Amino acid sequence: MQYEVVLPAAGSGKRMGAGQNKLFLKLLKKPILIHTLEVFQQDPFCTGIWLAVKPEERIYIQELLDEYRITKVKGLPNGGAERQHSVHSCMKEMEQVDIVLVHDAARPFITHAIIANLVQSAHDFGAAIAGVRAKDTMKKVRNGVIEETVDRDSLWMIQTPQAFRFDLIVEAEDVAEKVGFLGTDEAMLVERLGHTVHIVESSYENVKMTTQEDLLFGEAILRKRALQLNE
């Protein structure tokens, strides 16, 4: 089932402390951004990629796209101050498609199998997001003091991609913009419309590159996958 994907790529990545867009940092000699883009470039069901970028980084990103032969990118609109604004910027330029995915550009380890499950779920139910079950004991804390232990069985750690029927995510984005609501993710905008969002079990490897420690973990994942391919 075909889809297009939006990748907000205009963030600052302050927690990485790299002094540059973290998406340009390399994992095994290749930029994080390219690792992520190649997942969708190589997926035959992906018909288009939209990258929201900083204007001052557009030329460099285009050079990367050319160097690594990423041909599915349909647009590089300006990113906004927040992720939600960047996604909305891309949505305004898209023509109608069946399914739209929104994915963190700093999550390069998503698999085609998980993507396919998300697209199917979004087709069936309208909205679906990737997530994994919480593994650690969870505590509710206020002012440095534990208030209660939360039931872990009902808790999921949410990832991306998040997948939606086109008309649903457009409506959710438009309503949020009109009332000035800023959500933490696209699913939250859809939830505000009263629409049910389904969850698709993902992988603990689908980590977001946020800190220097994540880079070490990311390189370990790449090496493990390379070994599996050669077995």
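Using the three backbone atoms N, Cα and C, a Cβ is placed for every residue, glycine included.
Annotated features in Swiss-Prot:
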type	residues	note
SITE	R15	site 'Transition state stabilizer'
SITE	K22	site 'Transition state stabilizer'
SITE	R152	site 'Positions MEP for the nucleophilic attack'
SITE	K208	site 'Positions MEP for the nucleophilic attack'
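Here the features listed in Swiss-Prot are placed on the structure.
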residue : record                                           : DSSP (3 states)
K22     : site 'Transition state stabilizer'               : helix
R152    : site 'Positions MEP for the nucleophilic attack' : helix
K208    : site 'Positions MEP for the nucleophilic attack' : coil
Rounded distance in angstrom between the Cα atoms of R152 (site 'Positions MEP for the nucleophilic attack') and K22 (site 'Transition state stabilizer') = 32
Please compare the recorded sites K22, R152, K208 by how many other CB atoms fall within 10 Å of each one's CB, and tell me which has the fewest.
-> R152
Taking only the Cα atoms, work out how far K208 (site 'Positions MEP for the nucleophilic attack') lies from K22 (site 'Transition state stabilizer'), in Å, as a whole number.
-> 11
